[in-house]
Structures are given as C-alpha cells and as structure tokens.
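Here is what Swiss-Prot says about this protein:
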- R26, E88, R127, K458: (6S)-5-formyl-5,6,7,8-tetrahydrofolate binding site (BINDING)
- 224-378: domain 'TrmE-type G' (DOMAIN)
- N234, T253, I255, T258: K(+) binding site (BINDING)
- 234-239, 253-259, 278-281: GTP binding site (BINDING)
- S238, T259: Mg(2+) binding site (BINDING)
Amino acid sequence: MSITKEFDTITAISTPLGEGAIGIVRLSGTDALAIAQSVFKGKNLEQVASHTINYGHIIDPKTGTIIDEVMVSVMLAPKTFTRENVVEINTHGGIAVTNEILQLLIRQGARMAEPGEFTKRAFLNGRVDLTQAEAVMDIIRAKTDKAMTIAVKQLDGSLSQLINDTRQEILNTLAQVEVNIDYPEYDDVEEMTTALLREKTQEFQSLLENLLRTAKRGKILREGLSTAIIGRPNVGKSSLLNNLLREDKAIVTDIAGTTRDVIEEYVNIKGVPLKLVDTAGIRETDDLVEQIGVERSKKALQESDLVLLVLNASEKLTDQDRALLNLSQDSNRIILLNKTDLEQKIELEQLPDDYIPISVLTNQNINLIEDRINQLFFDNAGLVEQDATYLSNARHISLIEKAVQSLEAVNDGLALGMPVDLLQVDLTRTWEILGEITGDAAPDELITQLFSQFCLGK
C-alpha cells in the first residue's frame, strides 16, 4: 500500500466476528454515500444531513431481497475520523448478515480495507499524527483502566504537543545559530553562539530525560509486568495463580508435576496488568515432557520483570528451595511462604527478611502481594499522575533515547571546542529523530508496518 492520499472507497466489518447484539460495516471514501445508497431502502443517504442516523433496510439491488433491517450513520467530510465521507451500517450481529452486506458493498464498487487502513487515512489526511494513531490501538488493547488513561491522553495529543513544541524550539535554536554564523562581524558572536547552544541543548536533554523517566511506568501499564510464579512442585503455584485470577485456569492437584508446561494469564493488580506465568515446578526429572516444561520455566524466570517465589511454610527448606533462592536473588523478587494455615516448619532464619507469609487456601495476606508490587515498581507513588505525559510505546522510547544520544554528542562537542557548524548536524539529527515519533519524518516502510498491525475495520 503506497504512502499517498488514496481516494477510492474502502469497506470492512468493524465489529468482532461472531454473534452479538449489533454488527457494524464501515465505508470511507468519496463514493461511500453512493455505494451505501445503492443497497439501502429508506431515505436518500446522499441528501440527509451529516451526523444523522437513518432507519431502513439493506437490500440486494439485483433481486430486491431484504438482507437486514438496519440503522445507517452518515458522516460527511471533513468532520469524520478519516476526513472522508463515512457511512456506518448498524446491522443485527451475526457472521452471515455482516458478511453478506460486506460482499454487497464490494460488488457495488467498494474495496476491502486493509488492516488499519481507516486509521491510516486519518493519519495521511492530517486528522491524527502517528502517536495518536498508535494510541487508537493502545486503547483497543488496554488491559486496565490505567493503561487506557495513558492511551486516551496520547490520543488527545499530549505526547504530540510535547514533541512538536520541542522540535519547534530546536528549529528556533538552529535558526539563531545559523544567523550568528552568517553574520560573524561581531567579536563576541562565537562565544554567544556557543553559550546559546550549550544552554538550549542542556534544556532539551533535560526535558527528554524527564520524559524517559516515565517510560518504565508507562511501558509496564501498557504491556504489563511479565511475572513468573516459580517454586518446586506442589508448593501452591497453580493455586496462587487461580487465586489471583479468581478462576480455575491452571490444573490444581496434589500430584507433583501436574503443571507440565508454562501457563500464561493476565490479571489486573490495582491497575497494573500482570502477565502471570505459572511455571512447571523446577526440579530434576527424567520425564521428557516435564523436563521441557522445567527448561521453559528457567527461561521464563530469566525473561521476567517480576518473580513470585513460592515456598512451602509447612515443610523445611529443601535443596531445590535453596537453589531457587539463589537462582532468583538478582531478580525483582517477592518470596511467598504459602500454607501458613498449617504448622510451620520452614527455617525462617535462612530466608531474607522481606518474605510475605500467605495462605492461598484462606486468602491470608494476598493483598500484601499487590502492595509489594506497587512498592517495587512504583515506589508507592500513584500509578498515573493526571497531568503527566507518559512514554509507553517501545518505538517512542527507543527514538527518545537516540535523540538524547544526539544531544549528548552536541554537549561533548562543545566541551571539546568543536566548530558550531559541525555541532549543528547532531542537533538537526535530534530534530529529525523526534519527527519520526509523530510521523513528520517517518519513512514510508515504517508507516506501512505500523498500520499493518491494526485490526481490520479500524
């Protein structure tokens, strides 16, 4: 799909396939009204006012057969998401009826939209920039209200405004430096230019570094904390997973080795999406299937943001327990002493002091796990500050890091006394990198790749 403004009319089903109360088939483009009218029996859609909902029936124009009773929303350019004429046909939910209407629209001249093409048109037509387009998908994929709050702020343009303002300031600085270089007749112009460049570069770097400090929190809220639940067999890992999920997703029995693979689930812990990985018990085993699960568990431990190490408080520490304590000591780890409802035999003096005694059976102290996670990753601060702008997208984070590196190169050059005109190159590069975030300077291949990750109909 070429990166140009496209004027053909596209269509797609915008609701999930399957049974439901309603289904929505969307059209966008110059001929959206004419194509919709060709299959609609009711008011003349080409003559109704913009942003109205119109009752009628979808019919097969060849046979006159009624396909469904519908409500049709008409929205005229440019006051639409794509800045093109948009029609949304609200049908009864169901695979057959929505597909039948989609095929009718295609036969009448619409083209099947590619994934993300509606949002791509909004970007190409200047309705949203790249950060706002990405925020659309973040809202769809948000697993908690906090993640949704960050995505909505980004869609509203908070990150775009910050980036655009910074780019404009960089441009102003480059222009001033250029003027000073072009008019060197003043004796102190070189000193003035160096001082200006040093002051502004440090200002830009400070701003971007402050933005990067939000990345850890933002990325966690967007993508979730990858959390490995580890422990030797039969200490209560799967029961803990089920307790956190509040539903039976892992197999729980009294037979060691029941969880023979890695089970992944998401759970909302005070607004933080935890990607819980219930690992097979880590122990030496001759069972090939279970051995594969154990190896995957070790890998999950290495790749996790957080480790929940479950020990059995009703038994003495084993060599396997000690091995797991050593294996996880460099991780963000929470030690959980399970089965405290039974007589305790575990040697507490051999454990770090920050363990949490719990009973999955009686639900004792489960809430303390949530508090400890907040302490570990958010320093007990609020998860989302209302007026703050957060970085949460890995692409944005990477580009901001590159921009900071370019600014550091300017500062290093100033310290070495390099000519100002050479330092302009790195400052210009910073301006270009920031433009990639909003899409002002993003390569065509990147734009195509980003929108291809969207769902159909969006």
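Placement of Cβ uses the backbone N, Cα and C atoms for every residue, glycine included.
Structural mapping of features recorded in Swiss-Prot.
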| residue | record | DSSP (3 states) |
| --- | --- | --- |
| R26 | (6S)-5-formyl-5,6,7,8-tetrahydrofolate binding site | strand |
| E88 | (6S)-5-formyl-5,6,7,8-tetrahydrofolate binding site | strand |
| R127 | (6S)-5-formyl-5,6,7,8-tetrahydrofolate binding site | coil |
| N234 | K(+) binding site | coil |
| K458 | (6S)-5-formyl-5,6,7,8-tetrahydrofolate binding site | coil |
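Of the residues the record lists as binding (6S)-5-formyl-5,6,7,8-tetrahydrofolate, namely R26, E88, R127, K458, the two whose Cα atoms sit farthest apart are 19 Å from each other. Of all Cβ atoms in the shown protein chains, 18 besides its own fall within 10 Å of the Cβ of R127 ((6S)-5-formyl-5,6,7,8-tetrahydrofolate binding site). Across the domain 'TrmE-type G' (224-378), the model assigns an average pLDDT of 75.
Of all the Cβ atoms in the protein chains shown, 18 others lie within 10 Å of the Cβ of N234 (K(+) binding site). Taking all protein chains in view, 24 other C-beta atoms sit within 10 angstroms of the C-beta of S238 (Mg(2+) binding site). Per Cα geometry, K458 is the residue among the binding-site residues R26, E88, R127, K458 nearest to S238 (Mg(2+) binding site).
It is K237 that, of the binding-site residues R26, K237, K458, has its Cβ surrounded by the most other Cβ atoms within 10 Å. Rounded to a whole number, the C-alpha distance linking K237 (GTP binding site) with K458 ((6S)-5-formyl-5,6,7,8-tetrahydrofolate binding site) is 39 angstrom.
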